[in-house]
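As recorded in TrEMBL, the features of this protein are as follows:
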- 111-249: domain 'Peptidase S54 rhomboid' (DOMAIN)
- 31-53: transmembrane segment (TRANSMEM)
- 120-141: transmembrane segment (TRANSMEM)
- 148-170: transmembrane segment (TRANSMEM)
- 176-199: transmembrane segment (TRANSMEM)
- 206-225: transmembrane segment (TRANSMEM)
- 231-249: transmembrane segment (TRANSMEM)
- 275-297: transmembrane segment (TRANSMEM)
Amino acid sequence: MASGGEAKAPGAGYYQYPGSYGGGADEERRWWPWLVPTVLVACIAVFAAEMFVNDCPRHGSALGGGAGCVASGFLRRFAFQPLRENPLLGPSSATLEKMGALNWAKVVHEHQGWRLISCIWLHAGLVHLIVNMLSLLFIGIRLEQQFGFVRIGVIYLISGFGGSVLSALFLRSNYISVGASGALFGLLGSMLSELIMNWTIYSNKAAAIITLLFIIAINLAIGILPHADNFAHIGGFASGFLLGFVLLARPQFGWMERNELPQTNQPPKYKLYQYVLWVAALIFLVVGFVIILVMLFKGKNGNDSCHWCQYLNCVPTSRWKCNT
C-alpha cells in the first residue's frame with residue numbers, strides 16, 4: 001500500500017483454488033511445491049532484516065514526543081515503531097525507503113529502477129507480512145503443484161514487476177509502496193485465465209467462474225480503501241491474467257466434459273482458440289509493458305493524463321480522505 005508516511009496496506013482476502021473446479025482438470029503430473037515455501041521464507045528473512053536495520057530503540061520515532069517503540073523490552077532492536085506511526089507493527093517509512101521501497105522520484109530521477117523489484121520483497125509490518133504469506137500459501141501451493149515451479153515463478157515475478165510499474169506510474173512523489181500484493185494478484189489473475197483457456201476440461205464451470213470472480217471483486221474492492229495500493233493490485237492482476245494464457249494452457253480432446261472423454265490412445269492436442277488467446281495475450285503483455293515503462297521513465301505521471309483514475313485507488317467518503 002502507499003501513503004505519505006506509511007507503506008502499503010495488505011492485499012487481504014486471498015483464497016485457495018476453489019475446490020469446485022480444482023479437481024476438474026485432467027492432471028497429468030503433480031509437482032512437489034518448493035518455490036512457494038522458499039519465497040515465504042525469503043520474505044520472512046527480509047522482514048527480519050528490515051527490523052534489524054530499523055532499530056527503533058536507537059533511532060526513535062519520527063513522531064517525537066517520547067513515543068515509545070512497541071515491545072522494545074522483549075524484541076530489543078527488532079522492536080516495532082509506535083502504533084501511531086505504523087499500525088501494521090513494522091519499521092518506519094524511512095527504513096522501508098532505505099531498503100528499497102518503491103518511490104517514484106528515485107525510480108525516475110535517480111535511475112533506481114531496481115526498486116521496481118526490491119519493493120516486492122518488503123512488507124510494511126508484521127500484519128501485512130502474515131496476511132500476504134497466508135495468501136501466498138493458499139494460492140501458490142496449489143498452482144505450483146499443478147504447473148510446476150518454473151511457470152508459477154515466472155508469473156509471480158513478472159506480475160510483481162507489473163504491479164510495481166503501474167503503481168509507480170500513478171504513485172505521487174511523496175508516497176512509497178511495498179508489498180507482494182501485486183505478485184499475489186498476478187497468481188489470482190492467472191487462475192482466471194487458466195480457467196478460460198482450459199474451459200472444456202473443467203466440470204462445474206458456472207460455479208467455478210462465479211466463485212473466482214467474486215474473490216477477485218472483493219480483493220479489488222479492498223484496494224479502494226485508504227493506504228492500499230490498488231494500482232499495484234490492478235497491474236499485478238492484469239500481468240498474471242495475460243501470463244496465464246501464455247503459460248498455463250493444457251492440451252485438450254475437444255468441447256466435452258471430463259467424464260465424457262473418449263477411450264483413445266490419441267494424445268490431447270492444443271485447440272485453435274488456445275493458440276489465438278496465446279498470441280493475443282503475449283502481444284498485449286509486451287505492448288503494455290513497453291508503453292507503461294516508456295511513460296514512466298519519461299517522467300510522466302498517470303494522474304496528469306487520467307484524472308478519474310485516482311478513484312481506482314481510493315474513493316473518498318465522509319469517513320476518510322485519500323490524500324492523507
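We number each residue from 1, going along the chain as drawn.
Cβ coordinates come from backbone N, Cα and C, glycine included.
Because TrEMBL annotations are produced automatically, they should be read as predictions rather than curated entries.
Over the domain 'Peptidase S54 rhomboid' (111-249) the predicted model carries a mean pLDDT of 89. In terms of C-beta pairs under 8 Å, the stretch of 31-53, 148-170, 231-249, 275-297 lying closest in packing to the transmembrane segment (120-141) is 31-53. Sorting the domain 'Peptidase S54 rhomboid' (111-249) by DSSP state (H, G, I as helix; E, B as strand; all else coil) yields 107 helix, 2 strand, 30 coil. Through the fold, the transmembrane segment (275-297) approaches residues 107-108, 113, 162, 165-166, 168-169, 193, 196-197, 238-239, 242-246, 249 of its own chain, all at least 6 residues removed from its boundaries and within a Cβ separation under 8 Å.
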